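Each remark here refers to the structure printed beneath this line.
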Amino acid sequence: MKLLRYGPPGQEKPGILDADGRIRDLSAHVPDLAGDVLSDAGLARLRALDPATLPLVSGEPRIGACVGRVGKFIGIGLNYADHAAEAGMPVPKEPVVFGKWTSSICGPNDGIDIPKGSVKTDWEVELGVVIGAPCKDVDEARALDYVAGYCVVNDVSEREWQIERGGQWDKGKGFDTFGPIGPWLVTRDEVPDPQSLDLWLEVDGHRYQNGNTRTMVFTVAQLIAYLSSCMTLQPGDVITTGTPPGVGMGIKPAPVYLKAGQMVRLGIEGLGEQLQLTRAAR
């Protein structure tokens, strides 16, 4: 299934894509795509519905983040060896974990606000993993059983705040609008191997990132097992799993960063695309 949330910010309704790619309303069956709705049992109930019998959503509504009430938004850094090299950092021996504030979350096609005074706002296309059941101390072999589904994430980052101003990644990753998620939550049954997905990103039509999740340093299963060893993962938690090479700060001979008025387009095979206009923060 391809699940989504649509409507104005803060008033999103749950929906599902039908066989023709049209949005069908799920709000008579679930209040939101959050919590227990993301469990195996909750998703099975949605899967049993015939989308053709659900109300058709007219027009072209705004698409919100594909998960509601996110509890934890967990980032993984330097999880592609070639990205670590372009950043001038060693390949980590353990996952690099940081937090993105949930207030950074926005819809996949909402604008990206360039922070006041920023000259180093950067892009990162990433595979997002949405947890569907509580998990603590799970082993790698069973880790994917706790996944509700997968989505596209743009881990927007302000490099000066992240690296130069005290080296605190949470600061540089957590500005408002720095966490576009979606358009869809694609349930795990439709993603048989999360380690074989092409992902890409363009700015103003120029392709900067072109990678595949097979080159991750730590797989999705390894990340879930690792994270669950130090925290309880809950339904609706989102893990964004790192980015392939081609970020702005790694461009040679000189870095390239986002400015107001640019179009960022990104996507992952089978998970949909995002399109964002950058704008100056007010």
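Just so it is clear, glycine is given a Cβ too, placed from its N, Cα and C backbone atoms.
Among the features that Swiss-Prot reports, Mg(2+) binding site is placed at E124, E126, D155, with the record citing similarity to another entry.
Cβ proximity to the Mg(2+) site centre (mean Cβ of E124, E126, D155, cutoff 8 Å) flags the following additional same-chain residues: G75, W123, V125, V153, N154, V156, S157, T240, G242, T243. Note on D155 (Mg(2+) binding site): other Cβ atoms within 10 Å of its Cβ, all shown chains, come to 26. Counting every protein chain shown, 26 other Cβ atoms lie within 10 Å of the Cβ of E126 (Mg(2+) binding site).
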